[in-house]
Amino acid sequence: MKKFAVFGNPIAQSLSPTIHQMFADQVGEKISYEKILAPEDGFVEAAKAFLAQEGAVGCNVTMPFKLDAFNLAKVDDQAAKDAQAVNTLMNGDRGELLGFNTDGVGLVNDLLNSGVKIKDKHVLLIGAGGAARGVISPLLKAGAATLTIANRTKAKAEEVASAASNPKVDVVALEDIATIAPHIIINSTAASLSNALPCSLNDGVLQHCEVVYDMVYKNSPTRFMRDAAELGVKTQIDGLGMLVEQAAEAFYIWTQKRPDTSDIVKRVRDIVEQSEKRN
């Protein structure tokens with residue numbers, strides 16, 4: 001049996017074991033997948049101990065350990081290099097620990113699965129944290145014409161843009177986003193968790209907007225999605241599909257088997273809705 005895990009702090013609410021078990025059942029893999037709560041200063045030791053076990057193939061890494069995982073691993077994956085963050089670790093054939101970042105691929109695949117065209121579109125990315133860093137190179141690889149980063153602290157956005165080192169990436173102050181007139185707006189901040197808006201949706205920022213994407217997911221549309229819909233944006237998407245798609249990419253890296261995610265996204269959404277009703 002192949003062993004996997006997800007490390008985080010907190011980790012109790014993680015859907016990763018459920019999602020990966022669905023993948024395994026679908027493709028005929030026998031796996032175990034556990035949630036591991038690592039101490040904030042003890043991730044490296046905990047991950048090494050898990051990955052040294054017989055049968056251990058790899059693990060996922062969530063907040064706040066993605067930078068620790070990046071520093072721990074041998075990283076050839078461009079998205080992980082750009083993000084300076086790793087969310088997927090795998091034992092290599094030569095005893096080395098390999099690191100990947102599947103967040104951006106997860107976002108791009110979810111957008112494409114939802115019928116969103118990325119090629120030649122102008123993208124506005126709200127936020128400049130780890131979630132934002134991980135999606136920049138995959139969005140550009142998917143053909144985005146430009147990608148503009150807006151953040152409450154403009155200097156942080158400039159730092160992320162500089163690290164991306166691509167002429168298609170630029171920065172705008174959060175209060176000046178109306179000058180961008182993007183086709184796609186992506187919220188990578190946690191604003192929606194507290195029912196706040198990540199940015200103002202007034203002053204013309206939506207004049208050409210076709211899609212808003214919120215990396216947060218709930219059992220109902222976030223305020224960001226609702227407000228955009230009321231202001232005429234045709235398509236609003238939450239981050240649940242991204243969660244499933246980034247997991248599918250990790251599963252493929254580990255097993256070389258690519259699961260069909262369409263039914264799984266629906267099943268996971270049902271679980272989220274039932275869980276939130278109970279709470």
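The count begins at 1 with the first shown residue.
Any Cβ shown, glycine's included, is placed from N, Cα and C.
What Swiss-Prot lists as shikimate binding site is Ser14, Leu15, Ser16, Thr62, Asn87, Asp103, Tyr217, and the listing cites sequence analysis. Counting only residues at least six positions away in the same chain, the Cβ atoms of Asn60, Val61, Thr62, Lys66, Ala69, Phe100, Asn101, Thr102, Asp103, Gly134, Gln246, Ala250 sit under 8 Å from the Cβ of Asn87 (shikimate binding site). The DSSP secondary structure for Asn87 (shikimate binding site) is coil.
According to Swiss-Prot, the feature active site, proton acceptor maps to Lys66, an assignment based on sequence analysis.
Taken from Swiss-Prot, the feature NADP(+) binding site covers Gly127, Ala128, Gly129, Gly130, Ala131, Asn151, Arg152, Thr153, Lys154, Ala155, Lys156, Met215, Gly239. Taking Cβ-Cβ distances under 8 Å and a sequence separation of 6 or more, the neighbours of Lys154 (NADP(+) binding site) in its chain are Val171, Ala173, Leu174. According to its DSSP assignment, Lys154 (NADP(+) binding site) is helical.
In the three-state DSSP classification, Ser16 (shikimate binding site) falls within a helix. In the three-state DSSP classification, Lys66 (active site, proton acceptor) falls within a helix. Note on proximity: among Ser14, Leu15, Ser16, Tyr217, the binding-site residues of the record, the Cα nearest Gly127 (NADP(+) binding site) is that of Tyr217.
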